Amino acid sequence: MIFAGKAPSNTSTLMKFYSLLLYSLLFSFPFLCHPLPLPSYLHHTINLTHSLLAASNPSLVNNCWLCISLSSSAYTAVPAVQTDWATSPISLHLRTSFNSPHLYPPEELIYFLDRSSKTSPDISHQQAAALLRTYLKNLSPYINSTPPIFGPLTTQTTIPVAAPLCISWQRPTGIPLGNLSPSRCSFTLHLRSPTTNINETIGAFQLHITDKPSINTDKLKNISSNYCLGRHLPCISLHPWLSSPCSSDSPPRPSSCLLIPSPENNSERLLVDTRRFLIHHENRTFPSTQLPHQSPLQPLTAAALAGSLGVWVQDTPFSTPSHLFTLHLQFCLAQGLFFLCGSSTYMCLPANWTGTCTLVFLTPKIQFANGTEELPVPLMTPTQQKRVIPLIPLMVGLGLSASTVALGTGIAGISTSVMTFRSLSNDFSASITDISQTLSVLQAQVDSLAAVVLQNRRGLDLLTAEKGGLCIFLNEECCFYLNQSGLVYDNIKKLKDRAQKLANQASNYAEPPWALSNWMSWVLPIVSPLIPIFLLLLFGPCIFRLVSQFIQNRIQAITNHSIRQMFLLTSPQYHPLPQDLPSA
């Protein structure tokens with residue numbers, strides 16, 4: 001635990017703390033991996049936390065300790081407020097797979113082509129892409145071609161208060177993400193898998209497409225005539241059962257939606273469009289037409305549509321349908337928002353996911369203590385500190401509770417940006433590069449020193465040739481140099497390759513300036529395990545210190561070894577020459 005932030009105003013308490021800390025650093029923690037100051041990437045979090053405390057509790061912030069855990073998995077989740085469910089943007093990722101790469105000739109699939117496209121349907125992937133362009137021509141602002149990030153970002157996340165809304169999909173087969181406790185969900189929307197297919201005709205072909213999922217409406221209230229009248233459908237064409245063509249002659253029809261029950265009787269309410277999986281944040285004192293236009297892709301849309309969509313084609317009504325391709329829909333949240341499923345957080349929902357999730361903001365585990373408290377530094381002694389400092393969770397200091405979050409008045413400003421992972425990855429790859437360069441210089445010095453020693457040895461052998469050579473002249477065992485520089489250079493090459501790989505990955509994460517809204521999907525590659533990388537980044541300074549100490553010890557050993565060679569001292573690494581003359 002590292003203590004940072006605003007120090008207590010009591011000077012004697014502060015001096016006593018620093019004295020204990022200095023004593024522990026000098027005598028009890030010789031291998032302390034982290035320096036006294038906090039890592040630079042946590043400075044912004046500490047400053048933001050202090051600002052929030054100053055705004056919510058001024059009497060407390062003037063004399064308190066802020067305590068932040070440096071554990072890579074210790075995070076606290078703050079539930080997203082009601083408006084986040086209706087206004088948070090989503091990025092869409094598409095992937096296709098084929099059972100038969102060349103099932104139909106290209107000329108028969110020309111009906112699926114978007115006429116504005118210049119791509120010729122010469123392979124199945126382009127044929128499927130042409131078909132998708134027909135459906136997705138109105139969704140181009142929301143489609144992201146970069147690979148999404150899967151896998152949990154954190155695995156020990158706690159949520160201290162109940163979230164206003166959760167989404168649950170319990171499939172018999174799927175990718176399990178985790179299940180939130182019912183006590184952490186004020187209301188849960190249950191999704192059910194489709195059991196039928198729908199038919200769609202395009203050109204001369206009859207398509208059979210997997211039907212949409214459904215939402216359990218048993219606990220929803222039908223008040224659409226009062227609150228959703230005038231709410232227009234978004235103009236999208238994601239799927240036949242989501243298509244909503246718009247034109248000047250035929251404006252979109254108003255949608256109908258159901259009320260999500262709220263434990264509090266207030267004017268802010270959530271309504272759900274169960275047909276198009278949209279959440280509307282309504283105020284019952286104002287008509288919905290006065291609210292701004294909402295995005296057609298929302299977190300509920302992502303949860304409902306994240307799956308595999310099979311497409312079969314049929315030449316005639318009497319022929320057997322043949323599988324054309326499978327469309328995999330995957331969605332990712334915007335910066336700062338995360339899906340919390342059980343105790344794990346995700347940026348993206350994989351296709352065919354299963355579990356119970358909600359929207360949250362992430363913050364490191366931050367606590368605070370009264371500035372008059374004496375904070376003991378744990379020493380490595382047989383006795384243990386019996387007195388426990390009363391650390392208060394940050395949410396209590398900010399005045400957050402389950403009711404305030406459910407009402408939508410909770411805080412949504414504290415979040416851990418994924419940019420942290422990118423900067424730490426850059427720093428770690430730079431450290432590895434510096435280590436490899438240092439080892440290269442040291443090995444070059446060792447090779448140069450060995451060449452000098454061998455050259456001196458040859459000179460001494462020439463000077464003592466009349467006496468039978470240096471070894472016979474000294475009447476000692478002869479020593480020879482065993483060159484193992486090749487192994488060192490191989491290890492240096494591995495370090496450089498690893499550093500180059502990390503640098504390439506970090507550069508690939510950087511978002512181009514023309515795609516600022518999609519930079520989060522570049523943060524980490526798909527196959528990189530996030531938790532091990534984060535642990536490596538956390539202990540990078542410790543590894544660098546140990547390697548530096550190893551290099552110093554190695555230099556000292558090589559120097560001593562070279563001196564022994566120069567003064568012809570014995571060494572177990574050298575081999576004696578035979579002293580007897582060979583027999584005739």
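Every residue, even glycine, has its Cβ placed from backbone N, Cα and C.
Source: prediction; values computed, not measured.
Taking Swiss-Prot as the reference, the stretch among 388-408, 514-534 described by the feature region 'Fusion peptide' is residues 388-408. Of the candidates ASN138, ASN483, Swiss-Prot records N-linked glycosylation site for ASN483; the remaining residues carry no such annotation there, which does not rule it out for them. Check Swiss-Prot against the ranges 336-344, 345-353, 471-479, 543-551 and you find motif 'CX6CC' recorded for 471-479. Around the Cβ of CYS471 (disulfide bond), the number of neighbouring Cβ atoms within 10 Å comes to 19. Look at CYS478 (disulfide bond): DSSP puts it in coil.
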